[in-house]
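The following features are taken from Swiss-Prot:
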- 1-181: region 'Large ATPase domain (RuvB-L)' (REGION)
- 20, 21, 62, 65, 66, 67, 128, 129, 130, 171, 181, 218: ATP binding site (BINDING)
- 66: Mg(2+) binding site (BINDING)
- 182-252: region 'Small ATPAse domain (RuvB-S)' (REGION)
- 255-333: region 'Head domain (RuvB-H)' (REGION)
- 291, 310, 315: DNA binding site (BINDING)
């Protein structure tokens, strides 16, 4: 995939995303349904002087799950401790993290689906009853230690909700699905980022970036950064529609946010398989990508935009894809 359209965070994103991160719900653009629900739950918990129920945030990468976790902590007025599933390799690692929590704190675990099962099992009692029992030592000298924990809120984030075990999923009192962003919301995000970057962006240019951002704020901010470079070197520093079109064309991002590989998938299906159906394994071989990459990185957006559909026989290209790429659509094929 064209790196600029990769929804996973790149090294350059980390510092930038932190500086752009909204602090409270009234600064957070988009995800209105999730925000509305969480605001009610947080206000109710504060009125009862209780900790917020554990929260699961799930959805595709780049949609602001980490940002939402920090907003939750800020709205609660508590500290947040951040870690990731792959970093918690053994129960002792989890115990060390839990032991640092203060009453009411938020513990944010990103990629929670990647925690080892032995760690996950220790987490069950911590989430449900705020205690853990852990074995110390080995053999005849081993002993069980009971550790009481302060009440806390676990916020877990995952791009693979289906990989969570049922016992873990059941312990989250609140589950919030983060969805792809509407173009108008992305336009507002581009404008907000431009203000922080102190770069002038014309309205139609902001919308053009939004339209090509694959419904993802991380990509919108990354595209704005690159277009800003073109505006600085090839223009007068302002980001207008002309410089935006030129920059994104050079960067191989078309009007629908498709990159070279997206187009290659669709063209291969049209030119070789007459639009399909074709099996995902066969398609992956044809475009020289592994099956998982096609399924995880390309297919979801192509389906969401209406260019591709799944059938029992395999994947099929839609009439919209034919028209977008300039092919004549024959319904009988």
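Even glycines carry a Cβ here, placed using N, Cα and C.
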DSSP-derived helix, strand and coil totals, residue by residue, for the region 'Small ATPAse domain (RuvB-S)' (182-252):
52 helix, 2 strand, 17 coil
For the region 'Head domain (RuvB-H)' (255-333), jot down how many residues DSSP puts in helix, in strand and in coil.
42 helix, 9 strand, 28 coil
Using all protein chains in view, find how many other C-beta atoms are within 10 Å of the C-beta of residue 181 (ATP binding site).
25
Neighbour count first, Cβ atoms within 10 Å, every protein chain included; then name which of 62, 128, 310, 315 tops the list of binding-site residues.
62
Suppose you look only at the region 'Small ATPAse domain (RuvB-S)' (182-252); what would the mean pLDDT be?
93
Using C-alpha atoms only, work out the spacing between residue 310 (DNA binding site) and residue 20 (ATP binding site) and round it to an integer in Å.
37
For residue 291 (DNA binding site): intrachain residues, at least 6 apart, with Cβ closer than 8 Å:
280, 281, 284
What count of other C-beta atoms do you get within 10 angstroms of the C-beta of residue 20 (ATP binding site), across all chains shown?
17
I need the nearest neighbour of residue 315 (DNA binding site) among the binding-site residues 66, 128, 130, using C-alpha distances.
66
If the ATP binders are 20, 21, 62, 65, 66, 67, 128, 129, 130, 171, 181, 218 per the record, what's the largest distance between their Cα atoms, in Å?
37
